[in-house]
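S.K.: Have a look at this one before I ask anything.
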């Protein structure tokens, strides 16, 4: 049977995600971000809730991406997630895209010209942002022209690179409805951005999500809920360059601005430059918030939930993969668990995220109904 992998954040889970799951074939394995997102922000609802949303709408198995895979630039995010999916026996990678490119051809180009492409990337000016460098590389070697600020393009190409290195087939699906960052109230296929922005509009949320009651009744957070803690971390840390990926230039910029801003968004605006994108600054602020340092990625894979079909698939791979279904006296990934503890500080109603939690079980897969 085909085992299809999907890399996701589900922040929150919406009708577009449900459509993607409906298009995927076979056993559907989701590698999902935990409580902090790829672009450096807290999830609007916790990872257990988002996992349940996915399992109730077509997913068979949801595993958690470690913190230092989740909160990364597109290439590292995709590479880490796809390598985990490959270990779980995934042979097909499904992802949404706003423009259907010949991803198979692009993957072949990368396999055949990987060293040249990576060398080209390293030669690009440091004045360019990472997305701009990637755009130049793909334009040079694959003839692709696109906006370097379009996240789905950047992620789609990152998935292509990662899948080609793991021998995984690609299954791109045309994105339905609103664009990735659209905040418009497109009711049937609203974007996650729009649903977060208009979360207080119950009618809109109910139209845009298949799990609206679960979402609306769950404790929610935004970046600003952590601003006081972030400010404390910045002002009391003796050397911010000890934090993961924070260099002296960024440390000085953050330190000099934190006294004069009242929101996370203001701080991001003050610190970001053409070279350091807002997404990168948000990631760095997330690392500071968590007090993250460079750490090895855990070998074990943490399971958030499964259906009966997903549980059977886990049994078929457990001899070759170290699976964690309950975190107790032994840690899984100390950095991810620290991130979970910080995440809980954003809302007193957020349930325990780590200790003793067991996977959510959805008895019947939607595809079996």
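A Cβ is built for glycine as well, from the same backbone N, Cα and C atoms used for every other residue.
Pulled these from Swiss-Prot:
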type	residues	note
BINDING	7-20, 96, 152, 175	ATP binding site
S.K.: Among all protein chains shown, how many Cβ atoms are found within 10 Å of the Cβ of residue 7 (ATP binding site), not counting that one?
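M.R.: By my count, 25.
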S.K.: Just to be sure I understand the packing, how many Cβ atoms besides its own are within 10 Å of the Cβ of residue 10 (ATP binding site)?
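M.R.: I count 24 other Cβ atoms within 10 Å of it.
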S.K.: Counting only residues 6+ away in sequence within the same chain, which have a CB under 8 Å from the CB of residue 19 (ATP binding site)?
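M.R.: For residue 19 (ATP binding site), the qualifying residues are 173, 176, 189.
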S.K.: So which one is it: of the binding-site residues 13, 16, which has the fewest other Cβ atoms within 10 Å?
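M.R.: The binding-site residues 13, 16 were compared, and 16 has the fewest Cβ atoms within 10 Å.
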S.K.: I want to verify one value. Collapsing DSSP to three states, which class is residue 19 (ATP binding site)?
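M.R.: DSSP assigns residue 19 (ATP binding site) to helix.
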